[in-house]
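**Student:** One structure, as structure tokens, below. Some questions next.
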């Protein structure tokens, strides 16, 4: 109410407010233009809003349409062409092709330059168009989703509309298993309690169900239609990115003091799915203002190291073109219109830079990505970024998360410590008997005991705390139809009617909580029912214990604890339970000498620890707290801080009940995989948010000697610790996030030098941003390629920062898997992904790139020889179709078939991981190999051209026939010479190309003398030239293989 009044006051202006100085006509029109430009092109201003229930909301809000398309009909061609021609290679060829419209510098036919360029552009434009059409189709499906919009008409209660027609202020109904089409405030649900469960895996990646609550004032209304009859408004803050918070207020204008605070629990964000029941809500944000769209950040565009190397070589080739043209001009003399001749020479030698290089490499990448997805040994693997598969073959550092990545994220309670006694898995039966007897003995006792608590009471209190202090909800599922096997979840109203054929599953946001509740069920205290305001436990004697839930304080990564206030309906006692990490709980509970020691012991055994405490409140204490808490929750400024302050006033001098130790098992084959990767020369870093001891325990599976960096606070500490570590040899390093921060701020260079040389590093208590910083530092300090692997939302920043981000689809959800460049179902697939597919992709692309470059160099060498012999004339050696056909139909298939080549079999690559070490050095495509191929091209081009000039007798057309046939045969033989493992498609490609060329000799009378090619002269001349160009290279290869074989050939 106040908000609306304050807003209306702002709009009222008196005459005194109007300025006396009036703007000139020019100034006024200029300000109008500026305003129009800001409205059309500037970023939209985000505003808070007041929504009147059942009435149209004034103000301009964006349409509720999702648009992931990159282009529209008008911008498609200009943008795609701009993206292509901002690359040096394509721009160079465009200039060359345009120059052919100038008659003075034209060489041959237009299509010799425009043909290849148009083909390259056509492939790219088609790919972009198909991708954008797919995006458009996905957008249309989402935007045309049918929604039920409520109408103020008793005869026609609702209408069906498409999602893109929804506006702010509309009241809509969302049924079970339907996607929420816009951001809503939840007003009513089909449950009497006002609760509804939602699945948020498409939003935050978490697979568990979340509980959402309707606004109490609207939930009490008899029907949905009554929403139009009340006078109420909702204040919603301006749109934010944060999906875990919301500040709003619900106000009844037709009754006094009826303001209610709204927070995250009262919202349904776009892309959530209703998991149970039906929900009615009011639209508060649409389209680009929804939380889902605001969180769609574009990940950084990754460019592979191989692409950078190829780009460098391309620039070298460009220098070679200019150099060669200048040399020709120097020999010819800079007289007359020399610049015209110069440009003609640049055009003639432009084939040194192969336009087909980018297309071949891109098609190769697509093939590698397809073969990774189709590998039967890695079922479920997906490649989401097809531009960097070669990166997998160059990895030097692997950064891994722990929970869910190295471990299964499947929790089991292994130990319970009560201070004087500790229970483990083998003694839980004994604990169960003690618990049963303690419930029998207290069945008749009412009220809390004043005497010193016995051991039995301590056990009962601890187990009861674990059964009550959580956010777990039991969901009963029953097979209604045996034929279809359809499973329906029972509503909360029916959950107390526990039928024997119903299986219970527990839903919670944390697997740790589910593990604790499952354990209490095993020892005899079962959570049988839960709704918003009450909870019911059932002891081993079948007695039902009922509790009212007064307040819940959910777990957050900042507070690291979770609390609940409940009232025992049997005794009237009010209890405040709190559980959390030992770091925060040690300052909250009353001092005990055993807490720190026992937490350390459990962590050393690799268990995740939680400290559980309680406090008994009097009625007065609770009422005082409730008043202060409600005031804090209604504040629209600093709400989070004020609420935290009030809750902290309760968290003092609490009684320590117990410590729990939960085990998270290692994933299958983790040890073997880590061993393989370490032998492959990959240094492994584990970055985790877990405790130092737990992290080390998991890391010990790598069987390494560990050195702990003690807690570092000052610069002196950092100096001493780093010097101590420097004296140790071949030891893995363990460091906490805080100490890491100190070391990096004072001794970044020295620390990174030591850490990057260590065989393994464990960083614990790492925040998500710290994980990404570590990746960035390794990249900056070493210049080596990094891979990051994780399974949770907290790993996304690390995955996006790494050169190759690998997401695992785990129990924490799909967020990491969707953010990764590659997605694998389990950690053990990593070895095959890197050692087999990484190796193949890098080796094949290196080979393919060099062959395409060789193909351009050899023909340019022949052109240079031809021009120098024929009086330095700038005339093309091969005209028209021969130039186009050379790089396409005649040699394309054999050269591209190199993507099927492999130097070693997958079995050998996994048996001898040491082979991978050589790949990181990048020797398959280096300046050394590049200059080797330059020499080969110059030798072969020279031999073919001089041979043809020496052996021809009559006409120029014979030179063309002899040299071009020798050139094609040389290319086909060179491909065959470099293949290491033959594939039937390679043989087919060679034969097909040879057949095509044979056909061309017969058909193309304009280029070949049909009588001459039938003579013996033609055959023996071609044969001699081809032998001289290829035989020496074959002999060299044979000698090299015999006396200096590569390491892989020794194993094959």
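Placement of Cβ uses the backbone N, Cα and C atoms for every residue, glycine included.
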**Student:** Select from 316-335, 376-395, 396-415, 416-435 the stretch of residues annotated by TrEMBL as transmembrane segment.
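**Tutor:** Matching range for transmembrane segment: 316-335.
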**Student:** Looking at the candidate ranges 877-900, 901-924, report the one that TrEMBL labels transmembrane segment.
**Tutor:** 877-900
**Student:** Note down the number of other Cβ atoms within 10 Å of the Cβ of residue 765 (ATP binding site), including every protein chain shown.
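**Tutor:** The answer is 18.
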**Student:** Should anything in the same chain at least six residues away from the transmembrane segment (984-1003) have a Cβ under 8 Å from its Cβ atoms, list it; otherwise answer none.
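**Tutor:** Sequence-remote neighbours of the transmembrane segment (984-1003) are 885, 889-894, 896-897, 900-901, 961, 965, 968, 972, 975-976, 1010, 1013.
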**Student:** For the transmembrane segment (956-977), name the stretch out of 110-130, 316-335, 341-361, 848-871, 930-950 with the most CB-CB pairs under 8 Å.
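**Tutor:** The stretch I would name here is 930-950.
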**Student:** Are there 3 or more C-beta pairs under 8 Å linking the transmembrane segment (930-950) with the transmembrane segment (110-130), counting only pairs at least 6 apart in sequence?
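**Tutor:** When sequence-distant Cβ pairs are counted, the transmembrane segment (930-950) does not touch the transmembrane segment (110-130), since fewer than 3 lie under 8 Å.
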**Student:** Can you tell me which recorded stretch out of 76-98, 848-871, 877-900, 930-950 has the most Cβ pairs within less than 8 Å of the transmembrane segment (341-361)?
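**Tutor:** Answer, by Cβ pair count: 848-871.
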**Student:** Could you give the residue numbers and ranges of same-chain residues that sit at least 6 residues beyond the transmembrane segment (848-871) on either side and whose C-beta is under 8 angstroms from one of its C-beta atoms?
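**Tutor:** Result: 306, 310, 313, 317, 324, 328, 331, 345, 348-349, 351-354, 356-357, 360-361, 364, 877-878, 886-887, 891, 895-896, 898-899, 925, 929-930, 933-934, 936-938, 940-942, 944-946, 949, 963, 967, 970-971, 974-975, 978.
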**Student:** Taking just the CA atoms, what is the gap between residue 689 (ATP binding site) and residue 401 (active site, 4-aspartylphosphate intermediate) in Å?
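**Tutor:** Here the two Cα atoms are 9 Å apart.
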**Student:** Given the recorded positions 401, 791, 795, which one's Cβ is surrounded by the fewest other Cβ atoms within 10 Å?
**Tutor:** 401
**Student:** How many Å separate the Cα atoms of residue 791 (Mg(2+) binding site) and residue 608 (ATP binding site)?
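**Tutor:** That comes out at 18 Å between the alpha carbons.
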**Student:** Could you state the whole-number distance in Å separating the C-alpha atoms of residue 765 (ATP binding site) and residue 795 (Mg(2+) binding site)?
**Tutor:** 13
**Student:** Give, as a single whole number between 0 and 100, the mean pLDDT over the domain 'P-type ATPase A' (146-290).
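**Tutor:** Summarising the domain 'P-type ATPase A' (146-290) by its mean pLDDT gives 89.
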**Student:** Which residues of the same chain, at least 6 past either end of the transmembrane segment (76-98), have a Cβ under 8 Å from a Cβ in it?
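**Tutor:** Tertiary neighbours of the transmembrane segment (76-98) are 70, 113-114, 116-117, 120-121, 124-125, 128-129, 132, 311, 314-315, 318, 346-347, 350, 353, 355, 357-358.
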